[in-house]
């Protein structure tokens with residue numbers, strides 16, 4: 001039903017941000033925060049992509065002198081650290097920030113100010129790494145910096161500290177975001193959306209958030225231990241002093257492997273949403289996909305040692321991790337069969353989001369198969385640290401997570417902007433990116449089998465690697481050109497695109513119920529849900545309920561399993577305190593690279609900022 | 001401070017230009033070695049390899065203690081360089097050690113007083129398995 005204009009005006013007044021710069025700095029609107037996250041991550045993806053292109057240029061001929069070894073080390077370290085820590089994980093959280101409240105028909109996240117804090121802290125991590133790069137203090141030891149190479153004896157200066165502290169930034173930001181997403185999904189579902197009626201996308205984001213909460217502390221711990229070793233000469237990673245260098249690898253990969261799935265699981269959420277809408281039938285095997293996601297979430301914590309097969313761990317341990325690594329192909333395969341069955345039995349519509357899903361399935365299956373190969377400890381001993389590994393993880397990360405992300409971008413773009421992206425240019429970008437990617441990365445499998453190690457800045461002529469490297473460079477150039485077409489399409493259509501209307505694709509879930517672009521308050525009424533596809537209820541209008549205040553910021557809290565309405569909760573208003581708190585934390589993090597006293601002294605401004613943040617606002621605060 | 005950060009972190013790997021001993025205390029090449037973390041750390045490694053730590057390690061007394069900031073033959077870069085190269089009698093480091101490692105050793109020796117003892121010990125622990133003194137046969 002169409003709400004009256006007075007109600008909409010009242011909602012806009014209640015949920016608006018202050019105008020101008022102050023509004024920019026204080027906003028707690030989940031869509032504005034998510035858009036910032038996404039734009040920052042895409043900009044970094046472009047910069048790190050340029051680094052990749054530069055490295056491909058360097059490797060396109062033997063004995064090339066475009067880069068020396070130091071610049072090459074810095075380039076791949078910056079590329080990997082940026083893509084893993086500053087692009088892939090944050091951009092998935094950003095999609096959750098943007099979509100979860102819309103898909104729940106809620107007005108904001110559970111902790112609006114925590115969302116703002118998360119972004120500002122993430123930005124602090126971005127600036128830490130890239131300003132250091134501008135000052136030529138680029139980390140140069142790869143995206144995982146193993147001691148003793150990164151220890152005090154072999155990594156003089158502050159390059160390794162910059163890397164370790166950048167991780168602390170992004171992990172605190174990721175923890176803040178994940179807690180927020182998990183609480184929102186569990187406690188703010190609309191009436192009727194029981195756990196059994198929760199769309200796969202929300203399941204995926206819930207599982208990814210819980211995985212983040214469980215795995216990120218390991219990496220924060222390990223990078224803090226590394227900084228302690230370097231700054232105050234502790235002995236965590238010094239075998240001669242009673243420490244253990246393998247401890248670093250175990251803790252790093254205890255985070256590092258789940259991280260791959262923290263990136264991949266949200267992508268399965270995108271794919272499920274797109275496949276359902278564009279096959280125009282409810283998802284085949286909803287419960288199977290959800291159970292597969294849950295089992296991936298559990299299995300992902302039992303795989304980390306397959307990154308360490310060459311370390312020399314006990315054979316029996318290697319066998320166990322080989323089995324576990326192969327086992328994860330089962331739930332991943334189940335999901336893929338469910339998506340194929342949905343497409344097969346539906347009426348597929350091959351618009352660009354759906355094309356990206358097809359690109360995802362084909363590319364990801366190749367990456368999955370090379371994953372089963374490398375999961376074998378015996379074979380991995382031959383393949384590890386070769387270009388085969390480079391090919392494998394680009395196939396799973398780009399094919400398995402970035403292609404669904406691009407599809408999701410095209411799918412939800414009309415909801416964010418109220419305009420359609422060009423289908424023609426979308427297809428051109430798709431063909432260039434998927435074609436260029438496969439042309440660029442498939443030869444790397446062969447290069448790895450021919451013995452080319454990863455992380456070499458050049459190679460002598462006559463190894464038989466020249467032609468394949470040139471093909472790889474050509475493919476990368478084509479893929480980057482496709483990326484530019486994609487971005488240009490998005491930018492041009494932001495102003496010139498055809499108006500989309502609220503629901504251009506005939507979507508199945510609640511985010512399509514409201515206006516496009518989504519207003520600051522999302523939906524005018526609280527929706528009532530009675531199926532997995534609440535927007536596909538024949539021609540009947542969406543059932544809604546009133547009762548949540550419109551004259552003040554308020555959200556509805558429901559029970560965890562049955563989504564029964566419990567109470568109405570005040571939702572935080574715009575505030576400068578998240579930014580100030582993030583600034584105080586940033587100062588402490590940066591200063592603690594140079595002196596341990598920064599942690600003691602730096603805690604004071606953080607405490608002051610948090611006190612301001614949590615200062616009681618309720619009317620009876622002075623009377624008890 | 002920012003510019004300072006740049007040069008102290010600069011790291012160049014690969015062949016370097018031929019070197020000569022520093023020409024006076026105003027030699028413009030001094031800052032390149034003395035103010036650079038990488039060069040100083042490289043000097044620390046040679047300090048171990050060439051066996052300097054045998055006499056000048058932790059607990060060295062008197063003139064052998066390089067961490068007290070007192071220098072018998074002057075603490076300028078050129079002075080320390082000369083006393084390493086030519087001040088060790090028949091050890092004849094000027095002929096046994098190539099010129100660039102001598103620059104790096106000098107930078108490290110002059111930097112030592114700024115290093116905390118626990119940090120030196122921590123680095124030594126990581127480098128414990130490395131060849132040193134008579135067991136080291138030079139860059140391979």
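Just so you know, glycine gets a Cβ as well, placed from its N, Cα and C.
Look at TrEMBL and you will find A:21-530 tagged as domain 'Cytochrome oxidase subunit I profile'.
Tertiary proximity for the transmembrane segment (A:34-53) is limited to same-chain residues at least six positions away from its ends with a CB under 8 Å from its CB atoms, namely 75-76, 78-79, 82-83, 86-87, 90-91, 93-95, 97-98, 119, 122-123, 126, 130, 416, 476-477, 480, 483, 487. Positions annotated as transmembrane segment by TrEMBL: A:34-53 (among others).
The feature transmembrane segment is assigned by TrEMBL to A:83-104 (among others). Long-range neighbours of the transmembrane segment (A:83-104) within the same chain, counting only residues 6 or more positions beyond its ends whose Cβ lies under 8 Å from a Cβ of the stretch, are 30-31, 33-35, 37-38, 40-42, 44-45, 48, 115, 118, 122, 125-126, 129, 143, 166-167, 170, 173-174, 177-178, 180-181, 184-185, 188-190, 193, 199, 201-202, 205, 208-209, 212, 259, 262-263, 266-267, 270, 397, 401-402, 405, 408, 412, 415-416, 509-511, 514, 518, 522.
For the transmembrane segment (A:116-135), the list of distant contacts is 26-28, 33, 36-37, 40, 44, 47, 74, 78, 81-82, 85-86, 90, 93, 159, 162-163, 165-170, 172-174, 176-177, 180, 575, 578-579, 581-583, 585-586, 589-590: same-chain residues at least six beyond its ends, Cβ to Cβ under 8 Å. Residues or ranges marked as transmembrane segment in TrEMBL: A:116-135 (among others).
Here TrEMBL flags A:162-188 (among others) as transmembrane segment.
Sequence annotations record features per position, and here TrEMBL assigns transmembrane segment to A:200-227 (among others).
The transmembrane segment annotation in TrEMBL covers A:247-271 (among others).
Annotation comment: TrEMBL describes A:283-305 (among others) as transmembrane segment.
A Cβ distance under 8 Å defines the sequence-distant neighbours of the transmembrane segment (A:320-342), meaning residues of its chain 6+ beyond its ends; these are 268, 271-272, 275-276, 279, 281, 283-285, 288-289, 291-293, 295-296, 299-300, 302-306, 309, 357, 361, 364-365, 368, 371-372, 375-377. According to TrEMBL, the feature transmembrane segment maps to A:320-342 (among others).
Away from its own ends, the transmembrane segment (A:354-373) comes close to residues 267, 271, 274-275, 278, 325-326, 329, 332-333, 336, 339-340, 348, 379, 383, 388, 391-396, 398-400, 403-404, 406-407, 410, 426-427, 430, 433-434, 437-438, 442, 445 of its chain (Cβ-Cβ under 8 Å, at least six residues beyond either end). Taken from TrEMBL, the feature transmembrane segment covers A:354-373 (among others).
Long-range contacts of the transmembrane segment (A:393-413) within its own chain (CB-CB distance under 8 A, at least 6 residues past either end) are made by residues 83, 88, 91-92, 95, 98-99, 260, 263-264, 266-268, 270-271, 273-274, 277, 351-357, 359-360, 362-364, 366-368, 370-371, 419-421, 426, 430, 433-434, 437, 441, 444, 486, 490, 493, 505, 511. TrEMBL lists A:393-413 (among others) with the feature transmembrane segment.
Annotated transmembrane segment per TrEMBL: A:425-451 (among others), in sequence order. Same-chain residues lying 6+ beyond the ends of the transmembrane segment (A:425-451) with a Cβ under 8 Å from its Cβ atoms: 56, 352, 355-356, 359, 363, 366, 370, 383, 386-392, 394-395, 398-399, 403, 406, 410, 463-465, 468-469, 471-483, 485-486, 488-489.
As annotated by TrEMBL, transmembrane segment applies to A:575-591 (among others).
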What parts of the chain pack near the transmembrane segment (A:575-591), using Cβ distances under 8 Å and only residues at least 6 beyond its ends?
22, 25-26, 28, 113-114, 116-117, 120-121, 123-124, 128, 165, 168-169, 172, 598-599, 601-603, 605-606, 608-610, 612-613
In the predicted model, what is the mean pLDDT computed over the domain 'Cytochrome oxidase subunit I profile' (A:21-530)?
95
Determine which residues of the chain contact the transmembrane segment (A:247-271) at the Cβ level, with the cut-off under 8 Å and only residues 6 or more beyond its ends counted.
84, 88-89, 92, 95-96, 144, 146-147, 200-205, 207-208, 211-212, 214-216, 218-219, 221-222, 225-226, 236-237, 289, 293, 296-297, 300-301, 303-308, 311, 335, 339, 357, 360, 393, 396-397, 400-401, 404-405, 407-408, 411
